[in-house]
Each structure stands twice: as structure tokens, then as C-alpha cells.
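Per TrEMBL, the features are:
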- A:30-54: transmembrane segment (TRANSMEM)
- A:66-85: transmembrane segment (TRANSMEM)
- A:97-116: transmembrane segment (TRANSMEM)
- A:122-155: transmembrane segment (TRANSMEM)
- A:167-187: transmembrane segment (TRANSMEM)
- A:193-214: transmembrane segment (TRANSMEM)
- A:235-257: transmembrane segment (TRANSMEM)
- A:269-288: transmembrane segment (TRANSMEM)
- A:295-311: transmembrane segment (TRANSMEM)
- A:317-336: transmembrane segment (TRANSMEM)
Amino acid sequence: MSATVLHTEVGVSDEKQAAAKSAGRRFGALVVRLGAIAAFAAIMAYFVIFAPGFTSTFNLINVVEQSAILGVLAYGMTAVIIGGGSDVTEGGIDLSIAANMGLCAAVYATLLSMGYGDFLSVMAAIAVGMAVGALNALAVVGLGILPLLATLAVLNVAAGMELTLTQNTVVGASSPLLGVLVSGSFFGISALAWALIVFSAVMIVVVHGTSFGLRLYAVGGHPEAARAAGISVPFYVSFTYVLSGFCAAVASILTVSRLSASTPGSGELLLSVLAAALLGTVFSRRFVPTMGGTLLSVLFIGLLANGFQLLNVSSYWVNGVQGALILLVVAITSFARGSEGSR
Amino acid sequence: MSVSANDNASKASMRGFLAKYSVLIAFAAIVIFFSVASPTFLTPANLFNVLVNNVVMLAIVALGLTIVISSGGIDLSVGVSVDMASMIFVMLLAAGYSGVVGVAGGLGAALIVGILNAILITRLNISPFLATLGVLFIGQSTQQLATSGGQPIYLTSGYAADQFNAIARTALFGIPTPVIVLIVLAVVVHLLLHRSVFGRYVQAMGAQPGVAWYSGIRVPRELSMVHVLCALLAGVTGILLSATVKSYVPLSGNAFLLDAIGATFIGTTLSRERKPSVIGTLLGVLLLAIVKNGLLLVGWNFYWQQVGIGVLVFLVLAASFGLRRAAH
Amino acid sequence: MQTAKRDIAVSMTGISKRFGPVRALENANLEIARGSILGLVGQNGAGKSTIIKVLAGIIKPDSGSIVVNGETVSTLTPASVEKLGVHFIHQDRLLVPTATVGEAVFLGHEIGLGPFVSRRAMERRAADLLKRFFGMELPAGTLVKDLTTAQQKVVQITRALAQKASVLVLDEPTAALVKREVDSLFDVLRRLRDDGIAVVFISHYMQEIEKLCDRVTVMRNGTDVGTVDPRQTPIDEIIAMMIARDVGEMFPKRSVELGAPVLEVSNLRLGGSFENIGFNVRAGEIVGLTGLLGSGAKEIVQCLFGLKTADGGEVKVEGRELSLSTPVKAVRDGIAMLPEDRRAHGVALGLSVRENISLASLRRYSRTGMVSRGAENQAVDGLIKELSIKTPHRDALVRELSGGNQQKVAIAKWLSCQSRVYVLDEPTVAVDVGAKVEIYNLLNRLAGEGAAILLLSSDLLELVGVCDRVLVVYRGRLAGSFSGPAMNSDALLAASSGARSNADGVAA
């Protein structure tokens, strides 16, 4: 008797098959990605041709300024999705991020109006944002609650606290920092646009240029593999939620500067933030969320709203188009994956 | 697996007991607290008010979510189903159609939302979360477009409208009509989820979709049914809502989402196997409603109520997941 | 003892570990010497994987001591083990699918300046290592998920090599490799041994052990039963050490009168997998099906249950032609399937024994869509008793049962359907020996009651012991049908690998 169990030897044909399959998969992914990007490009081209003033420098800078708040929030969301894995039901998500921004804005504006200086007020806003993030981290990492549910509950807490603080009113605010953010400009680019540029650069370098970012992707992509490589998965996941809270606080300062006040209703941004982070994956070769991809989709969403405005199309379409785009991208992606015959 | 099975089982059942009774004890404590804190809390008039205004509509939405969560999915678009049913119902009545047409139209609108979810999930293989999120976006846009940015539609007069309003506000044998609607629906959903073949398939899909598929269950068909049922139940709430307030207010359905999810998960902590159940969900809704009402009576404003409910849901989730984690 | 003179890298003594009622390790010992390759063999469930997981710090032992490099280690964690220079190539490919090869090789030990990484340097170093050790070249920036199984295994080994391992443990590393890759892997391992590294090589494949290892430790029922030199010990002797009970006892005998053909397959084909497959299974017959990974044997079974749709051919059950496009139809047409991945497809761990058993046959116990609990309980209790499923009560969660009892629940599900055809896909993987015998008895009884049984297995002993006839698939075609004295594991192995003479030609 020579062997008790068959040693599995892959034949030539199988290796070729596997190679062909993987080539086919890569091709399919490429088609999906290029298709999605082409769709984005077509929409942009349409605006360039038909929307008056779309390409003017003034208009484009305006779009970048408008996108700053969404962008900063979307980076936080992207980090959470990277670290938690992109399985939406089980994986990382922070539904509380927009409500958290509203709460931070309320704290910031209220403290300013009570006469505390910029420094204290900014610090308080950042502390509140990171505390909410830490609460999410505790719920998700410490207690093992599904991120979807944990952050949904925290959303309510944060939104309720904002309302309690402001009594659902507009809290006006002004300060030297806000003055700079509103009217400051360097090299012809406004401070708000600079904020987005600098924040984007930092996020892209940290997530895509450091070993920290590399490990973060490993934690989200295959937690067991990360653990086997000696990486502390709980630390990285917790970090993303706290970072997300920090992003909410930064965005809150930008939003207060843009409106010269904290206003209710910031929670409505959540859908756009989710859309930006999810749409961003099509810009990535690996179909993972990336900071660069998120930036592109944030700008795309900004240009979409702007183009509609210039074409006199009702802004009520924007949400629906975003929803349809998410469904389209996800359906095509799942179709491309499904055609591998994994099922 | 790490301890001997016997020991493990007894510990798990003890924790199960603890989880079960901790919520019930909390429930009792809350009722007692509010009865003492507010003299009006335990009066029949107040309880009637809680039941009709805070329980019925939320409970019907939560029943639908209970089915979806049992199947291992989620429906973020229940608010859209509520709104669409409400919108079409009110529009039809306002245009002078009879109540039957209005109800049929409203439920039809909810049905379309459910079918859309079902197609996205079972045909295009989109995860329930993303599919229903997309539908939520589209539903909001649709409402804004249909109401020029969110203008409410009021039912000023008209026979059908008044009749419905009358039904919504009257009682049959001393029980308010909406409560009767809830009881009937709860019994039906209970039988469906816990006694029928369909319910067993739903549980199997929720526990392990692969096993359901390998057992010859028509997973796509059953899953479609799950989402259609959820949307229809939300549609019933939409019609009850409009009939009660004699109007359609755009985007008002979203308010149900968190509370309904919260109620369903409070319910899971009450069940022995920590699975969603109709009775658990109803208790969850009752708990939320009582806390809201109690907070109102002791003088907390609407904003603090939201904080309170958020904290409560958070604590329940923490207990539920924390105990589950400890049991493994 | 001569081992005393050896340079010992790792010494594990008296390791015991229980999982609930299951005794995984009982006073097991393992000694790994530097500059030598140690084989570790044993049947599934003998405790090989468990003792390796103890060393890897994944499982905490109930008792026993571990000495690494002369120092007693009290608690092991995956991170601390790696610091000691002990590296593992696990059976499951622990690689991030969306990482590039360079990222995967250096994850946790990135190359760069301070907090910044240099992806280019990592890709280049990884490419160098792959070329040097395996002669393998991959396009720059290839993603892990686009690699073949074998390439991923190679990347995993490269990862350990890049970190200068002093002890390297490989758990069935050749399972998915082609011969050329196996040969170059062996060359690498020999070179590492000559450099003084301690290598542990776990394999089911005796020829590999004989070819590569300096010593081999045999495990059985959670303990080590001996360590021998594979070059001086006949393989039969090693196998005898692995299997305590003799084969006759393990595989109960039976004699059944074969009836009319129940399952008739003719001309079945699936593009890229198999073609021209035809065979019959008669009432009361157990037919084995085997083939190497990628031979198409697995796909044949999947087509019979509608998990894949055949491109052509005919499948008849009791003379009736079936259209097998989904499992829904297969179940309705009386085909039962015992899937390989029990936890994903066989039983729902979070449901009760009762709910699992009645899942496929609920319609039998229901009227107008409502389940009749009485009828269901009666049927379920009957099956629990009949199969002697060890469960506290019918409403216990399947999660609480042992692997063998879970498998019995999966079989009971189909018994309650009264299926005519049973298709079993590796039914005894990760099932302990006692439960295996019970499953074999059960198969015999099913056959005795006139069912037709098709058993897909890669355990040749099992096939020879249980089946009336074994069909071998090679490169998508039936390469032979064996019965009687011609049905022995040598013949099956030869046929599966396309006969010995051109076995080497398979790899290229």
C-alpha cells in the first residue's frame, strides 16, 4: 500500500485554466472599472458642453470649496471601511459621522458665542468628536456590536445631544479662525479649498505611503492574516473610529465657517458621505476603498450637484442619482465577481 | 467549545436567563419609576394615548423588520415604504377616489418598493444593506420631486378622508381600531414566522444561507417574499399615519427606522436563542414607547428623549452582543 | 538515546488538550531538531493540526511544557512565537487577497524609512526571493487574489523565508502544488536544513515523507506513537502505526443483493471540467468516485445536485430523466447531497437539531403551509434514535454537537426525505474514527434499504473499504472502474494520476 490519501497534483490544464480565469477576472474588473469611470467622464463631458460656466475657474474653485466638508467626512468613513472590511453588513461603517459633525459644530459655535476663544473651542470640538468616535470603537471592538447597529445608536445619541444643545436653532459664530477660513486666500486659492487639499494630502500619504496604512488594509482585508503577522487588529479598528470622530470635528469647523453658524440638519450629509466612500472603490485597481478614490468621488458628487444647478435641474435629483449610481456600481461589481463562477 | 459541553451549556443558559430577565427587570423598573415620578403615567387615558400614538405604527414597521432581520438581512428603506404608501394614499383621496382605491394604491406603492428591493437583492446580488440604502436615496429624491421639495399634502375635506380619520380615531368594543389592526397583523406575522414552513425557511436563511440552498429551498423566492412583506407592513403604517394626521408629510417615515431596528434587537435579547421574534419585538416597541412617554411626562423635551432612546438602544445592543460574545 | 545528542530547537512534552467532550491531545510529545527535517504524519483527527496550533500559540494546551531554544516558554502567542523564530505555513492561505505580492511577503515587517514604506523596494525584494528560491517570476504588482492556489502557497513560504525563520513548520504545503513546484520546494527545504534550520513537514503523502524527511513522528488518537527513520522503516509499517484498528474492523462488511439501476448518468459534460461521463449506480450499490484536485470528479458531483449546470448529457433517476439546474430541482427529484463543507452547507450551527433534520422535508409535516409540530417531533425523534445522534434533546443547537454527530444530523435531514440517491462529498473529513465507522455503517444500511450511493472521496482506504466499485476520473474523463481484487489503493492512485509512466508528464 503506497498511500492512504490522494496527493493532489494540479495538472497543466488546470494551471492554464487558473491563469486564464485570473486573466479573465482581471479583464472583467478592468472593464467594470473603466466602464464606471467612462460613465463619470460622460456625465462631466455633458456638463462641460451644456452647463454654462461649468469650466470657469471661479466655478471649479467654488466646487472644491463646497466639497471640503464632504471630503473630510468621507475620509473618516473611508478609513473605517478600510479597517473594518468592505462587507457592508458585517464590516466597518460609521453611520454616526454626520451627526457627530453636527454635535461638534454645535459645541464649537456655542462655546464661541459664550466667549471662549478659538483655541479652547476648537479643542473642545475635537475632544467631543473623538469621544464619540471612541464610543463607537468601544461598542464595535470592545462589545462586539455590529458596526451598522452600534453607530446607528450613537447617531441618535449625537443628534439628540446636538438638538439639546442648540434647541434646534441656528447658533451664530464668528472668530479670527473663522474669519481666515471664510475670506483668507493663499496663492489665489481660498482657505477652505486649502483645507481640503492639505487634509487630502495628509490622508493619502498616511494611508497609502506608510506601513500603518498597509497594515490597516491587511486588518480589513483578512483579519486572521493580519493577526498571524503580529498586527493588533483591535487597535487598528478602534483607531479608525476615533479618526472618523476626528474628521467629524474638523469638518464641523469647516461647516461653521462656511455658514458662519452651526445649523441643524447636518445629518443629511450622511448619505452623500456613504456614497462618496462607496463610489470611490471603482477608482481603485483592487476594488478597495482608497483615499484618492474617495477624493475623486467627492469631487464628482460636488460637480454633479453643481452641474445640475447650472442646468437648472432641481437639486432634488441629486440624491436619487447618487442612489442609482451606488446601485449601478455595486450591481456591476457583484456581476463581475459573480461571473468568476464562485457560486 | 473550550469548556466541557455540560458546563458550557449551563453557563450559557444562565447567561441567557440573565439576559432575559435583566431586560424584563429593567422594564418593570422603568414602569415603576415613571409611575412614581409622574401621576399621569399609569392612567388609562395616558396608556391609551401611548398605545395608539407611539406603539401601533412603530410596531407594524418593526414586525416587517423582524422578518427581514430573521432572514439575515436588513431593510433601510422601510421609511420609503411608509412614505410612498402615505403619499399615494393621500394623493388618491385628495383626487377624490374612494378609500378602497386609496388603500390599494398605497399598498401598491409599498409593494413596488418591496419588489425593487427584492430584485436588487436576489437578482443583482446586491447586499441588502447597499440595495436598501440605494432605494432610500432614490425614494427620498422621488418624494422631493413629487412634492416640489417636501411640501406636505393635507386632506382638507372629503368623505373618504373623514371616514378614514374617523376610523383611525375610533374604537371597536372599546379597543382602538389601529390597535385591532396591529393585533391582527402581529398574530399573522407570528404564525408566519414561527409556525409556518415559510418562517422555518426564513430562519434557515438567517442562520446559514448555504445550508438553506443545499436543502433545496428556493432561496431567491423566499428572500423576495421577505422583502415584499416588510415593505407591505411598512405601507400599512404609512396609511395609518396619513389617516391619523390627515396629511402626508414627506420624508417622515425615516423616523421609524432606528426605533424599529432598536425594538427588534431589544426583542432578540429577550428570546432564548437570541433570535428576532414577534413577541420580543412587540415588547421592544412597548419599552421604547413607555420610555419616550415617561420621559415626556417627567418633563424631558423631545431632544432629550432622542438622546435617551439612543442610549437605551445602545445599552440593549451592548447587553445583547456582549452576552453573545461571552457565551462563545 | 541518540536524540539527546541532537541540537534540539523545540521540545514539547506531555501536551494535553480537550475540546468539550473531544480529546484532541493526550500527553503528546514532539521534538524538533535543528538541521533536520521532521515528518509529522497521522490520520485526520489524530492531533497533528492541534499540536501545531499549540506551538503556534493559537490553541492554549490544558497541560504540558514547551521548550524553545533551551528556554521553557509558559505562554505562547502568535506574535511571541514569531519572535522566537518559529514560522508556520498554515493550510489555509493566510494572505490578504487585495494585497500585492510584495505587501503580502513583508506585511508586519515592511521595508521603508521610518513610518513610510517603499512599495517598490518590497516588490523588488519579494521578486528576488521568489526567483531565488522557486525560480518563479510574477508580473510586478500582482495581487494575491489573482494568483493560483499554488502561487499563494509559494508566497506564504517566501514570507517565512524573508523573516529568517529558525524553525519552519509546513502544514500540508504540497496539497495544491504541481510536481515542479513540489520539487523546487523540496530543494529549498533541503537547503534550509543544511543551513541549520529545523523543518517540520506535515503530509498525508508517504512518498514525500520518505523522500524528504530525516525522521518521522507518527500520531494517533491525540498522542505520538513513535518516531522512526522513514528511510529505514517500510511505509507499510508507518501506516500500520497510524491506523490502530485493522482495516477489516474499520470498514464493516456487508452483503447486499444489487437491484436495478437507480441513478443512470450518460454522456454528461461540463466545458472545461469533464466530458463523456457515463455510469450507473444500482439499488443497494455504493459506488466510489475519486480523482485529483482539478480532475473534474468534484464537478461531476456538483452537476448531479444542480450546483453547476452540465452542458449536456442525461441523468436519470429510476428511469425518469431529470433537468438538474438547481438544488431545488435535485432535492425534489430525490437526490440527497452531503456537502464537503459541513458548516457552510451541511448543517446550520445556529439552528436546533430538530430544525436541521426537518429542513428539507418540512412539506411532509405541514398542512396549508403551517408546520405540524407533533408530526415533526415524532419524525425527528425517530431519526435521532435510529442514527443514535448524541444530543441532549431535539431542540439543542447543532453547534453543541460533536463533528461526527453534526454529520449524522446532516444525513438525517435526507433520511427524512426518503431520498433514493445519496451523493456524498468527502463525508468523513474532520470526523473522528469512531464516528467514521458509524457513518460507514449508516451507508451500508442505506444501501441495504435499496438506496443508490455515490461516494466522492480522496481517502483511498475508505473507498476500497466501503465501495462495491470505484470510478476514477482523470483530466475530466473516466479513467477506470475498479471492483473486486483489482480495487486497491495502488491501482486507484495509478489511475488517478494518469498511470505511473506518464505521471511526471502531468506537471510541466
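Residue 1 is the first one shown; counting continues down the chain.
Each residue, glycine too, has its Cβ placed from N, Cα and C.
Values in this document were obtained by computation on a predicted structure and should not be read as measured data.
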Intrachain residues whose Cβ lies under 8 Å of the transmembrane segment (A:235-257), provided they are six or more past its termini: 68-69, 72-73, 75-77, 79-80, 82-84, 92, 94, 97-98, 100-105, 107-109, 122, 125-126, 128-134, 136-137, 140-141, 173, 177-178, 181-182, 192, 195, 199, 215-216, 219, 226, 266
Residues of the parent chain within Cβ reach of the transmembrane segment (A:66-85), under 8 Å, 6 or more residues beyond its termini: 91-94, 97-98, 101, 140, 147, 192-193, 195-196, 199-200, 203, 207, 216-217, 219-221, 223, 236-237, 239-241, 243-248, 250-251, 254-255, 258, 269, 272-274, 276-278, 280, 288-291, 294-295, 297-299, 301-302, 305-306
Same-chain residue ranges lying at least 6 outside the transmembrane segment (A:97-116) that approach it to Cβ under 8 Å: 69, 73, 76-77, 122, 124-126, 128-129, 132-133, 151, 154-156, 158-159, 161-162, 165-166, 171-175, 178, 244-245, 247-249, 251-253, 255-256, 261-270, 273
Stretch with greatest number of CB pairs under 8 Å, the transmembrane segment (A:30-54) reference, A:122-155, A:269-288, A:295-311, A:317-336 candidates: A:295-311
Distal contacts, the transmembrane segment (A:122-155) - CB-CB under 8 A, six or more residues away: 80, 84, 88-101, 103-105, 107-108, 111, 116, 177, 234, 237-239, 241-250, 252-253, 267, 270
